């Protein structure tokens, strides 16, 4: 049986907790995520959209200022939005609060150098903190408006990154523990170096456990699904296929692809007809590549999709069958 080419199944699946919306930059991910949020808010008690994209287009989409804490979306009951920094630099991390101990300047500097030497550790730590915060919230559905494809795929590697970080801390503790204690002794805090290492290890292990726990949910198709957004052009399809392959590798469910900005020319505009012919070639490829997917087709609109009224209007395309 051919799948219905809409996002209706996402609205109907009551067990879903996490929905990711991603794809190449500039294809309309945020418009789709925001519109899907409006649809879901009519079916769920509370829906939160989180933007992890450095560009932070979510505020622009809803035409209201959003920040790092959930904010009610004006005119849409049950819908909240927030924009978070995709990463924190290790320079901005306060060691006393982060590792739970008072650190002298030299030890703090050394610990910062060690942590900063682990590639991707800042993003992994930031994402772990985000997941911990989100888990403590009582929203019935979380939608992630993700960064472009490359950034999205990195988050799947965060458990590996934190494992490497833990291994590095253990290795450095074994090799440099005496040196750190000597530095701490100079400041009259002889036991602080070892304490800081132990606390850092425990904190990172907690983070790894949080990410691994949530990743198990991400790999459960009854709880998590990914919606890819693309446009009918070569580079966008290439990025979509890369995304689909990587998600399958990590056992993340993906069965919906939104093809946005599709032309349906109604007059004899030569440019429009030529462009539509080019798009049709790629539409045929998409249908062939993803014949088992729900392929949702959204038209190119005359005006930008901004504000809850236009987003609500755009959302109807997510539930309409188009060929």
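Any Cβ shown, glycine's included, is placed from N, Cα and C.
Here is what TrEMBL records for this protein:
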ACT_SITE  53  active site
BINDING   269, 272  Zn(2+) binding site
DOMAIN    17-319  domain 'ArsA/GET3 Anion-transporting ATPase-like'
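Feature annotations (TrEMBL) mapped to structure.
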residue: 53; record: active site; CB count, 10 Å: 23
residue: 269; record: Zn(2+) binding site; CB count, 10 Å: 12
residue: 272; record: Zn(2+) binding site; CB count, 10 Å: 15
DSSP three-state assignment for residue 272 (Zn(2+) binding site): helix
Euclidean distance between Cα atoms of residue 53 (active site) and residue 269 (Zn(2+) binding site), Å: 36
Rounded Cα-Cα span from residue 53 (active site) to residue 272 (Zn(2+) binding site), Å: 32
Predicted model, mean pLDDT over the domain 'ArsA/GET3 Anion-transporting ATPase-like' (17-319): 82
DSSP-derived class (H/G/I helix, E/B strand, else coil) of the residue listed as 'active site': coil
